Structure formats: C-alpha cells, structure tokens
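**Q** To start, I am sharing the structure in question, which I have written as structure tokens.
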C-alpha cells in the first residue's frame with residue numbers, strides 16, 4: 001500500500017483490501033432517497049410527457065453525432081462536422097453509453113459497444129493526454145456502461161483496463177504523484193518524468209472513484225493503491241493550507257506543497273476534488289473513514305464564509321458558493337469573500353444533500369436546498385431562463401438583513417461601476433439605470449463575467465439529487481423550466497449548441513449568427529439582438545445534462561442514489577452491496 005497512509009487508517013485499509021475481493025461486507029450506509037412520492041393519473045401523464053421530451057432531445061443530438069462525427073470526439077452542431085478534443089478516442093460515444101442504456105435505446109447501445117473495439121488507446125495525435133478528462137469520460141464511461149448493463153459486455157471492462165493501463169504510466173514519478181497533462185511521447189522515448197510544480201487541485205483530486213471501482217471489478221488493487229496515495233497527501237495537507245480545511249486552486253505535486261496559492265473555490269479547477277469525498281466513502285462501502293473526515297473538515301470551513309446568502313427580489317432564502325482570496329501573510333491572514341457564482345459551483349447543493357444523509361448531518365439538508373435554490377434562482381432570473389457561466393451577486397450584510405430593496409442593489413452596482421462620486425444622487429441613479437439596461441443585468445446581479453451557457457449539467461444535477469432526497473415536486477417543475485429554456489435556446493438542426501450570451505433575447509437562426517459587433521466585449525446592448533450559438537457541443541451534454549433531466553422524470557428507482565455512485569461525468573458506478 002501507499003507509503004503515506006496515516007496510522008489511524010491501517011485497520012480500515014486491511015478491511016478495504018479484503019472488500020476488493022468481496023470477502024468483507026461493506027457497512028450499511030444511511031438511505032439517501034426518500035420514498036417515491038405518490039402521483040395521480042394527471043401527474044403521471046405529465047411526467048411521462050416530459051420524460052419523452054427529454055429522450056427525444058437526446059435522440060436528436062445522438063443522431064447528429066452518429067451522422068456527422070461517428071467515432072470522433074465531438075460533433076459540431078452548426079457546421080455538421082466533427083472535432084477531436086480528448087485524444088480522438090470517440091469521447092461522445094463512450095460518454096453516452098450508459099445514457100443509451102438508461103433511456104432504453106438498446107439497439108444504439110449495441111452498435112456503440114461493437115464500435116468500441118475500434119478505439120485504439122495506444123496512440124493519439126495530441127501531444128499531452130489530459131489525465132483527469134480521460135479518467136472521468138473514458139474510464140468512467142466504460143465502467144458505468146459495464147455496470148448498468150449487468151456485466152454482460154466484457155469488452156467494456158477490457159476497455160476500462162486499457163485506459164487505466166495507459167494512465168498508470170503518468171504515476172511513474174519519483175513520488176508516485178501523477179502528471180495531470182502527460183506527455184506520452186517523451187515517456188515512450190525514455191525521458192525521466194516528475195510531477196509538476198503547479199497542478200490544478202481538481203486534476204489529481206478527482207481520480208479516486210474510477211480507479212477504485214476498477215480495482216473492485218478486476219480484483220487488482222494496484223489501481224486503488226495509485227489514487228489512495230493522492231488521498232493520503234490531501235489528508236496530510238488539509239489543515240496546513242493558507243485557508244485550513246480547504247485546498248487551494250493550485251498545488252505543487254512535485255514538492256507536495258499545498259500552502260502557496262491563496263485562491264479557494266468550489267468552482268472551476270477545484271470542484272470535483274470536494275465532490276468525490278462523500279462519493280469515495282460510498283464506493284468503498286463505508287469501510288474507510290478518511291474521506292468522511294476530510295469532508296467534515298472542509299464543510300465546516302466552507303459554511304463559515306464561502307456559502308453566502310444573497311440579496312434577491314423575492315426575498316428567497318438562497319445561497320451561492322463564492323470564492324475566497326486570502327489576504328495578508330503569516331499569522332495575520334484574512335479570508336476575503338469574492339461574491340461570485342459559477343455554474344460549476346451548482347453541484348454543491350447535491351453534494352451537501354447527499355452528505356447530509358450518508359454522514360447523518362440532517363441539519364445541513366436546509367443548506368443543500370438553499371444552495372440548489374440559489375442556482376434555480378440564477379436560471380429563473382435570466383431573460384432566457386438559463387444561468388450564465390460566471391456571475392456576481394450581492395451578498396447579504398453581516399446582520400443578515402436580506403430584505404430586498406432596489407437601493408441596496410444600486411449601492412452594490414455603484415461599488416462596481418462608479419469610479420468617482422457623481423455630481424448628484426439623481427445623476428448616479430440615472431447612470432446606473434443605463435448600465436443595468438445596457439449590460440442586461442437582471443435584478444440582484446452586479447456583473448456577468450462570462451455570459452455563455454455551454455450545456456453544463458451542474459444545476460440540474462443538484463435539482464435531480466434534491467428531488468430524489470426530498471420528493472418535493474417543485475424540483476421537478478424547476479427541472480422542466482430549465483429543460484424548456486435550454487431546448488429553446490440551444491437546439492440546432494444537427495444537435496445542440498452552446499450559447500455565447502444567455503442575456504440576449506432575440507432571433508435564433510441556428511447558424512451561429514451574431515448581432516452587431518461589441519467592440520469592448522462587455523455585453524453592451526447594440527442594435528437588434530440575435531442569439532449567437534457556438535459551434536460546440538461537449539460530450540457532457542449527452543453524458544450528464546440530458547441524463548439528469550431524464551432522471552428527474554423517470555421512475556424513482558432508476559439509477560437510485562442508494563445503489564449507484566455517479567462520478568463527476570454522471571457515470572453511475574454500482575455500490576458494493578451490503
């Protein structure tokens with residue numbers, strides 16, 4: 001086993017090794033899902049119509065991929081061509097396998113499985129292999145397809161092993177830490193390799209589920225051993241970062257230093273490192289306390305400042321997961337909240353909800369709902385019903401008086417946009433009103449730092465999880481509003497496209513049309529607006545987003561959260577049976 005396993009976990013690791021060979025039964029983990037809500041005939045009819053609409057959307061995009069990009073990584077939804085972005089190993093095909101099975105598209109599943117044998121993981125035209133993306137999309141995709149189909153297609157497990165054997169070479173460093181962006185050609189040429197001095201924390205921190213599940217299925221502990229070494233280093237460093245309890249965005253994998261970067265977030269570059277803690281506990285059947293302890297350490301800190309309530313017109317009790325910057329040096333450091341939300345942080349509601357169940361922390365279920373509701377609010381507040389990629393909001397004051405007033409909103413806007421005091425309050429107000437109109441700011445938003453929607457799944461992911469945990473139909477209704485908005489704005493003749501600016505309300509021609517040029521790039525409104533679709537459809541649209549929409553309207557037992565652990569690409573891995 002790994003050299004750095006803490007002494008507190010020795011007995012747990014021994015139990016874990018036997019569980020890999022199915023000799024030790026996993027612990028009984030508390031139930032996550034509530035009982036299926038009762039529905040009358042009208043409710044069932046409506047649910048099934050919505051389910052069919054989501055399935056039709058998936059089939060539309062899948063057919064576009066089959067026709068224009070088969071065995072390529074992505075279809076281009078406007079030009080009807082293809083591009084290779086993740087090694088050229090048919091990312092969309094592999095990412096879609098389990099969704100095909102879950103939606104009952106067995107004929108397409110069979111065709112895709114047959115084509116899997118043509119994928120050659122021994123070569124790629126790309127210089128560097130992205131280890132994180134290859135793990136979550138390819139290894140996760142194969143493992144989940146193998147699990148959901150009951151192990152009836154051995155080629156899927158064989159392909160997962162192929163991917164793992166490829167990636168194991170990136171762990172061939174002096175300290176056994178992986179190289180997240182791995183130059184495979186240099187490795188084959190015999191060059192010595194070392195882990196990088198700078199890595200994004202989510203990259204090494206989000207490999208555990210897939211490698212662990214592969215060890216469980218093959219009986220070979222080497223895959224688990226490789227990622228457990230990483231977990232041990234994360235555990236050792238957790239309370240010695242610049243913001244103890246949380247890991248920074250950037251870490252030094254070569255020197256194993258976690259105390260240099262001063263930026264902390266649940267968003268991009270960090271997210272899944274936190275997401276995987278409760279999920280790793282579940283995939284290991286509760287036999288290892290380490291991920292639970294690490295989760296409880298970080299959530300105690302995140303609740304203090306990172307998850308903050310926001311000003312909103314309806315006075316909803318909602319929260320957003322912001323960013324933290326550490327100011328100062330040595331002992332006189334101060335955590336500064338950056339009141340910025342990201343679509344990527346919308347996973348936090350679901351994560352906290354699951355953890356509130358499995359770790360018996362019922363008081364945090366309300367926090368899970370507030371975080372999820374914050375993302376629903378961001379969707380509902382947008383002119384098109386879709387939240388932007390990155391947005392700034394108004395945090396509630398320290399006294400928690402969150403009652404809405406336009407004056408509070410305008411005060412926050414003035415801090416962002418007014419460089420100097422205007423001649424009068426009236427002039428200031430008029431200028432702010434022009435800014436709100438020109439920048440298309442909905443009430444409660446102060447900036448839109450990235451106006452795109454790139455078909456992301458994180459918001460609907462948490463909505464799905466909260467629906468399964470609570471059975472509250474408002475989550476189903478929110479899911480339907482979100483789906484209708486995305487379908488309306490993103491559908492193309494070929495498949496579905498990302499959108500450049502979710503605040504533009506206008507004509508959609510499906511040809512990537514643009515409005516009049518915006519010289520300063522700040523989203524100012526000019527002349528007649530036209531929705532600009534982008535010629536991009538990442539594979540997670542079929543792997544995650546539409547799967548989560550589908551599961552919001554499926555039978556409650558389909559991909560039960562008490563039987564499956566979904567990786568960060570929404571690939572369901574079967575939990576060990578008690």
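Every residue gets a Cβ built from N, Cα and C, even glycine.
Unlike curated entries, TrEMBL annotations are predicted automatically.
Relevant sequence annotations retrieved from TrEMBL are reproduced here:
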type: ACT_SITE; residues: 133; note: active site, proton donor
type: ACT_SITE; residues: 271; note: active site
type: ACT_SITE; residues: 389; note: active site, proton donor
type: ACT_SITE; residues: 458; note: active site
type: BINDING; residues: 568; note: Ca(2+) binding site
type: COMPBIAS; residues: 508-519; note: compositional bias 'Basic and acidic residues'
type: COMPBIAS; residues: 520-529; note: compositional bias 'Acidic residues'
type: DISULFID; residues: 346-375; note: disulfide bond
type: REGION; residues: 508-529; note: region 'Disordered'
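What does the local environment look like for each feature on the list?
**A** Other C-beta atoms found within 10 angstroms of the C-beta of residue 133 (active site, proton donor) number 18, with every protein chain shown included.
For residue 271 (active site), the count of additional Cβ atoms within 10 Å of its Cβ stands at 25 [all protein chains shown].
All protein chains considered, the CB of residue 389 (active site, proton donor) has 20 other CB atoms within 10 Å.
All protein chains shown were included, and the count of other CB atoms within 10 Å of the CB of residue 458 (active site) stands at 26.
Within the same chain, residues at least six positions away from residue 568 (Ca(2+) binding site) with a Cβ under 8 Å of its Cβ are 136, 206, 271, 272, 275, 276, 347.
Taking the Cβ of residue 346 (disulfide bond) as centre and 10 Å as the limit, one finds 30 other Cβ atoms among all the protein chains shown.
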**Q** Write out the long-range same-chain contacts of residue 375 (disulfide bond), meaning residues 6 or more apart in sequence whose Cβ is under 8 Å from its Cβ.
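**A** Listed in sequence order: 341, 343, 346, 349, 387, 458, 459, 462, 463.
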**Q** Roughly how many Å separate the Cα of residue 133 (active site, proton donor) from that of residue 389 (active site, proton donor), to the nearest whole number?
**A** 20
